[in-house]
Amino acid sequence: MTEERIARRVDGMNAAFEDACVNNVKHFPAEALERWGIHAIASDDFLLDVLDLNPSMVLSSLIEMVGRRKNPPVTVDDIPRAPDLENAPRFVREIRSILDEGI
């Protein structure tokens, strides 16, 4: 793949979506990404950052997601056990803590 083609692809990806999370950060060394103006962030780190910036928005979003789940139906208490969050253990711990506090 030529550098021009790579640049077009990166530009297209940046236009399509500003942020992307990966779980294999080790395959995206910072030195290789710097030249394209991007950086890799693990899902767990991203979710913790968002939770830290706006916990009420995260909780509202989780409640909204739960409300949309019909097959199978889930509750907010089910969220920390969701398979989609297996790569975000610290985020899950924080959410569990918040839910346990009853906030």
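Along the chain as shown, the residues are counted starting at 1.
Each Cβ is built from the backbone N, Cα and C atoms, and glycine gets one as well.
For 44-96, the entry in TrEMBL reads domain 'VapC50 C-terminal'.
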Model confidence over the domain 'VapC50 C-terminal' (44-96) (mean pLDDT, whole number): 89
Three-state composition of the domain 'VapC50 C-terminal' (44-96), taking helix and strand from DSSP: 41 helix, 2 strand, 10 coil
